Amino acid sequence: MDTAAAQRGNIELTGAMVSTVASPAGTMSARRLRSEDYNDYSSTEASPDSGPPEGLSGFSSPSSYQRFGEADGTTWFQTLIHLLKGNIGTGLLGLPLAVKNAGIVMGPISLFVIGIIAVHCMHILVKCAHHFCNKHQKPFVDYGDAVMHGLEASPSAWLRNHSIWGRHIVGFFLILTQLGFCCVYFVFLADNLKQVVSAANATTSSCDGNETMVLAPTMDSRLYILSLLPFVVLLVFIQNLKFLSIFSMLANLAMICSLLMIYQYIVRGIPDPSSLTLVAQWKTYPLFFGTAVFAFEGIGVILPLENKMKNPQQFPTILYVGMGLVTVLYITLGALGYMRFGDMIKASITLNLPNCWLYQSVKLLYSFGIFFTYALQFYVPAEIIIPVAVSQVPERWALWTNLFLRTCLVCATCLLAILIPRLDIVISLVGSVSSSALALIIPPLLEISTYYSEGMHPATVVKDVVISLVGFIGFVVGTYEALLELIVPTVSNATSALQ
């Protein structure tokens, strides 16, 4: 995931935001989804005081449309790295448990199918954005504007009259998604810190075992979440993205090292997988769906990444290559993680690592990365909500209002994390409720609304309707099953999540 009402002076920070995101969802550049208070000119040589570059105003058909890259834009390799960063985060670590909820055969196949659908929806979004850039002679159209223009092109008069709600809907789901990410981070940090602290006395230099044998009494996970609150509040008071980007780069390096250590551990000593469930019960499949969509929810970074490229024409290839690598990573870690730990797999695979200093440090390294990623993910809803509120108070109260609202938003995510302290359920809920809307439901409907009046092949309409229905069914059933699991947990999932 992009959307905030940013000041013009902050536009140059967008590149830093894109390069520092490490999420599934994740998507700091998602803040550019909402552009009603500024115009983005970074994809062209246009400026607020000048018209579009020569040739942009002469488009007569979509086929003549061409993206104009900026001279100092990102290269194809930099864009590829940003795309990978924007799709790899906590959702990745929850995929082994998701594969368990689907089965060792059904899980990888489903991940592959969801990956294909998610990438296709990303392609739809880019195509529709290009169409409206051509139609309205704009250098850049973000997610919210694309949906708004799509409703304006709809054959329905009611939708045309309420087209502004397209932008509001995207903004709403983006806020929901990003605050959901923040809730996931609270629970992830608490679970990993709790395990490290409880196993501190039994931690050894030997990594032969794969389970902590002796756990010392320690606080409840909810108390760990609460104890993290002051540090997170102080973290979000830092509003300088350039300063945060230093910590974020260190966090990214820590997370990469952690992933390499996790991979090398799980590929050693995989037991006979013949006892694993091939296809799990249908009641647990919606939990898999929510986690999988949560992991694949990187659609928000797509348009900003393409916009920042030096040669945007290369982006389709980068999209397919990058998301292909992401899909392979998801399938391999999900399947191998489940094969390695079987029914003992936990909500985050880091919780299954052995009780030795090497792998305890892996948990701390990844937690370090997630802690600073919180501030970047939080920046999205903060930049959507806070400027509107601050504009309503006298200037002398602006700073205090800003800090107060930041504190309230962090406390809200902390409270939700305390109320739902199970990492697997939080991930599944966020994926089912908001990620499915942004990644699966809206893009196909946008394509229909955009091109229906211009003529669409019936097969394309059917395809888009089917994808949106799959997303909607996943949204409804996934949310229901996640809430049901929270209220009446099954023994196996509750054990894996809470151990």
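Each residue, glycine too, has its Cβ placed from N, Cα and C.
Going by TrEMBL, these are the annotated features:
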DOMAIN    73-482  domain 'Amino acid transporter transmembrane'
REGION    37-61  region 'Disordered'
TRANSMEM  102-126  transmembrane segment
TRANSMEM  169-188  transmembrane segment
TRANSMEM  221-238  transmembrane segment
TRANSMEM  250-267  transmembrane segment
TRANSMEM  287-305  transmembrane segment
TRANSMEM  317-337  transmembrane segment
TRANSMEM  357-376  transmembrane segment
TRANSMEM  397-419  transmembrane segment
TRANSMEM  425-446  transmembrane segment
TRANSMEM  466-488  transmembrane segment
Positions on the same chain near the transmembrane segment (425-446), where near means CB under 8 A and six or more residues out: 1, 24-25, 90-91, 94, 117-118, 121-122, 124-125, 128, 143, 146-147, 150, 169-170, 173-174, 176-177, 180-181, 183-184, 187, 286-287, 289-297, 299-300, 347, 416-417, 463-465, 467-468, 470-472, 474-475, 477-479, 481-483, 485-486, 497
Interface check, the transmembrane segment (169-188) with the transmembrane segment (357-376), three or more C-beta pairs under 8 A: yes
The transmembrane segment (357-376) in contact with the transmembrane segment (102-126), cutoff 8 A, at least 3 CB pairs, sep 6+: no
Dominant neighbour of the transmembrane segment (102-126) in 221-238, 287-305, 317-337, 466-488, by Cβ pairs under 8 Å: 317-337
Same-chain residues at least 6 beyond the ends of the transmembrane segment (221-238) whose Cβ lies under 8 Å from its Cβ atoms: 186-187, 189-191, 193-194, 244, 371-372, 374-375, 378, 382, 403, 406-407, 409-411, 414, 417-418, 421
Non-local residues, at least 6 beyond the ends, that sit with Cβ under 8 Å of the transmembrane segment (466-488): 117, 120-121, 283-284, 286-287, 289-290, 293, 420, 422, 425, 428-429, 431-433, 436-437, 439-441, 443-445
